[in-house]
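Record features, source TrEMBL:
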- His59, His61, His103, Glu105: Fe cation binding site (BINDING)
- 47-120: domain 'Pirin N-terminal' (DOMAIN)
- 174-279: domain 'Pirin C-terminal' (DOMAIN)
Amino acid sequence: MAHKEIIKRAIQDKWPVTLHKDTEIHKAGLVLPPEKWELFDPFVVMAEDNMRKGAFDYHPHRGIETVTYVIGGILNHSDNLGNKGQLKGGDTQWMTAGKGLLHLEEAPEDGYAHILQLWVNLPANKKLVTPRYQDIVHHDLPVRYEDGAEIRVISGFSGTTKSPTANYVPVTMVEIILREGYSVKQDFPADYNGFIYIISGSGTFGADNREGNAREVLWLSPSEEFASEVSMTAITNLKLLVIAGRPLREPVVARGPFVMNTNEELDQAFKDYRDGKFGNWEDTGG
């Protein structure tokens with residue numbers, strides 16, 4: 001039997017995330033800044049938000065999936081298709097905007113929502129699929145246990161532990177809790193682009209043992225062949241996300257809440273929204 005080589009990913013780049021005061025009820029910082037689509041492919045942008053009720057109004061999306069992970073607090077969500085739900089710490093919502101919908105995410109009265117939201121690009125032939133929601137509850141997540149480590153699989157896989165989350169674009173997303181002094185590895189295909197976001201704690205990461213701390217992004221070195229993995233060791237108790245996905249290698253044209261492949265498609269998205277083809281918020285009781 002031929003030996004199956006495993007590529008050990010290094011840390012290609014690292015940058016901090018700083019939350020800036022947007023309004024009295026909203027602080028935000030960019031985890032993956034926009035307009036680096038070729039590098040981040042299939043990811044478009046990712047932001048961290050800490051907000052109170054009223055920070056956002058309802059808004060449209062088309063051509064993407066939004067993946068919202070709740071760090072803390074409570075997030076209420078609803079849309080003009082009649083979907084409603086509530087997410088708590090550790091929960092994730094995987095929303096396929098597809099051909100378009102209007103939705104709202106907000107904190108409860110007298111509460112807050114601390115979230116991460118990632119936009120996953122949809123391939124050209126899936127841009128206009130029917131919208132869908134997947135609310136992924138933390139205590140229902142499949143878990144892989146290792147010495148000193150708990151790996152909860154939000155999407156994709158970790159070792160032989162797989163998530164039931166449905167994807168149009170293959171994405172592995174895991175939450176890792178790692179105790180001080182312990183090490184663990186996370187695997188994914190070599191052609192995936194990926195990164196680590198440290199929610200709390202500190203550790204060393206990758207084949208080059210790069211140090212990382214809370215609110216830092218560690219972008220993984222690229223690879224094209226064989227399987228791959230990234231290793232990590234906790235200097236202090238760690239909580240983090242590892243997110244990796246298969247690049248689409250398609251043109252990206254984005255403006256506001258829409259991500260399409262051509263300027264004509266983008267113009268059509270705005271026209272459809274203005275013409276009411278995304279539906280009406282008030283008529284659905286949203």
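Using N, Cα and C of the backbone, Cβ positions are placed for all residues, glycine too.
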Residues within 8 Å of the His59, His61, His103, Glu105 Cβ centre (excluding the Fe cation site residues themselves): Phe56, Tyr58, Pro60, Thr66, Asp79, Met95, Ala97, Leu101, Leu102, Leu104, Pro257
Cβ-Cβ neighbours of His59 (Fe cation binding site) (radius 10 Å): 14
All-chain count of other Cβ atoms within 10 Å of His61 (Fe cation binding site): 25
Long-range Cβ environment of His103 (Fe cation binding site), under 8 Å and at least 6 residues apart: Tyr58, His59, His61, His77, Ser78, Asp79, Asn80, Met95
Chain-internal residues near Glu105 (Fe cation binding site), provided their CB is under 8 angstroms and they sit 6+ positions away: Phe56, Thr68, Leu75, Asn76, His77, Ala113, Ile115
Mean of pLDDT values spanning the domain 'Pirin C-terminal' (174-279): 97
